[in-house]
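Annotated features in TrEMBL:
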BINDING   Cys51, His53, Ala54, Cys72, His75, Gly77  [2Fe-2S] cluster binding site
DOMAIN    12-109  domain 'Rieske'
Amino acid sequence: MNRHSAGQSTPVRVATLDQLKPGVPTAFDVDGDEVMVVRDGDSVYAISNLCSHAEAYLDMGVFHAESLEIECPLHVGRFDVRTGAPTALPCVLPVRAYDVVVDGTEILVAPKEAD
Ligand code: FES
């Protein structure tokens, strides 16, 4: 079966837990998409790395662990790293969110099924 069939998405291994420094956003390629991955303790979150407001990369921004938000480095807009929803102006459009599975020490990322 074609792995791009509707409702199908193959998780991509991006790193191991110990390679991801807690609170430090890091960009990875997931099937040709640039994805920002950030670790908070044993939880890992992944959203698109490109801000929806203008041309800026979220892995260059600041992660706020207390609110699970990433702050864009260019105009300090924010996104919820769990959903990709904008949480601070000037960002009003969501960015794509990804499912994350931690399998042992391996971190696997895939587009959410609804995409
Ligand atoms: Fe991200 Fe403007 S480019 S807030």
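A Cβ is built for glycine as well, from the same backbone N, Cα and C atoms used for every other residue.
Cβ atoms within 8 Å of the centroid of the Cβ atoms of Cys51, His53, Ala54, Cys72, His75, Gly77 (the [2Fe-2S] cluster site) belong to the same-chain residues Ser52, Ala56, Leu74, Val76, Pro90, Cys91, site residues excluded. In this view, His53 ([2Fe-2S] cluster binding site) is surrounded by 18 other Cβ atoms within 10 Å of its Cβ, with every protein chain counted. Long-range Cβ contacts of Cys72 ([2Fe-2S] cluster binding site) within its own chain (separation 6+, distance under 8 Å): Cys51, His53, Ala56, Leu58, Gly61, Arg78, Phe79, Cys91. Note on the domain 'Rieske' (12-109): mean pLDDT across this stretch is 97. Less than 8 angstroms from the CB of His75 ([2Fe-2S] cluster binding site) sit His53, Ala54, Ala56, Pro90, each of them six or more residues away in the same chain. For Gly77 ([2Fe-2S] cluster binding site), the same-chain residues lying six or more positions away in sequence with a CB closer than 8 A to its CB are Cys51, His53, Glu71, Pro86, Ala88, Leu89, Pro90, Cys91.
Here the binding-site residues are Cys51, Ala54, and the one with the most other Cβ atoms within 10 Å of its Cβ is Cys51. In terms of DSSP secondary structure, the domain 'Rieske' (12-109) contains 6 helix, 49 strand, 43 coil.
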